[in-house]
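Features reported for this protein in TrEMBL:
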BINDING   D10, S11, Y42, G43, T186, H187  substrate binding site
ACT_SITE  C73  active site, proton donor/acceptor
ACT_SITE  C185  active site, proton donor/acceptor
Amino acid sequence: MDNRPIGVFDSGLGGLTAVRELMQVLPQESIVYFGDTGRVPYGTKSAETIRKYTRQDIAFLKTNGVKMILAACGTVSSVASEIGDACGLPFTGVLRPTAEAAIRVTKTGKIGVIGTQATVSSGSYERHVKALDPKAEVYSCACPLFVPFVENGVIAPEDPMVRLVVERYLHYFDEKGIDTLILGCTHYPILQESIAAVMGDSVTLINSGREAALHCVEMLRENGQLCGEGASPCHQFFVSDQVDGFQSMADICLGHAVDAAVRFIDIDRYPA
Ligand code: DGL
């Protein structure tokens, strides 16, 4: 039994899609969330910069006495997971649980992946999927405009800009015959309705935040680190830029109002 909070981080708001799942499955657990809103997006940055940011994000969470860390970010999981693995706490990214879910779901063995430029260039999802099933065919497409759209609240399915951008990117999958599409960035579930409308009913979408959250639950169970019966959750949210915008968008990502004050931290104070 371990009543310390679970630490979750992302470049911005996207990781809240994983927090939403965690809160549903483990309502008694406390969560410390850090969204690096001052430096989002990560997915267009160099591997060196993403690793530096990851070291600082993890260092910050560790100062909050967390019991495990979830990198709720496809980009960090793809480029800098070794930093998490060496952080001295139980750690998971999103790749393995998401690849496992895709393999469970696919019938044709043809799997699409959408993610940030850094994620797609790394080939990380493809490696994880093929490690589970070498015969699987993986088609990957970077969608760099999705993260700024979500961070700026441009998400309504009826918005012509959203429709245009989603159609433009997903056009890549025409004729590929995929039956499963990995939303390889935790921001993308916010655009899920628009993505599903373009891909059609024959394609199942895999939410990487949800799969990672479910994996966290398994890890906590296996490690005997679930919180005690009757624990009352205390959530904390931190960002590295303005708190105001975060609050309203966070409500959308979480599916309910943020029930705690959102606080600013100066992430540059943490060791890189
Ligand atoms: N949510 C992050 C991911 O899963 C977005 C990365 C970014 O900031 O570009 O990849």
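From the backbone N, Cα and C atoms, a Cβ is placed for every residue, glycine too.
TrEMBL labels come from automatic prediction, so no person has curated them.
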For substrate: widest Cα to Cα gap among D10, S11, Y42, G43, T186, H187 in Å: 12
Cβ-Cβ distance under 8 Å to D10 (substrate binding site), same chain, at least six residues away: L16, A18, F34, G35, D36, A71, A72, C73, V76, T186
Euclidean distance between Cα atoms of Y42 (substrate binding site) and C185 (active site, proton donor/acceptor), Å: 11
8 Å Cβ shell about D10, S11, Y42, G43, T186, H187 centroid, substrate site members excluded: G12, G14, G15, V40, P41, C73, G74, T75, V76, T116, V147, C185
Coarse DSSP state, helix versus strand versus coil, of D10 (substrate binding site): strand
Local backbone state of Y42 (substrate binding site), from DSSP in three classes: coil
Residue, out of the binding-site residues S11, T186, whose Cβ gathers the largest set of other Cβ atoms within 10 Å: T186
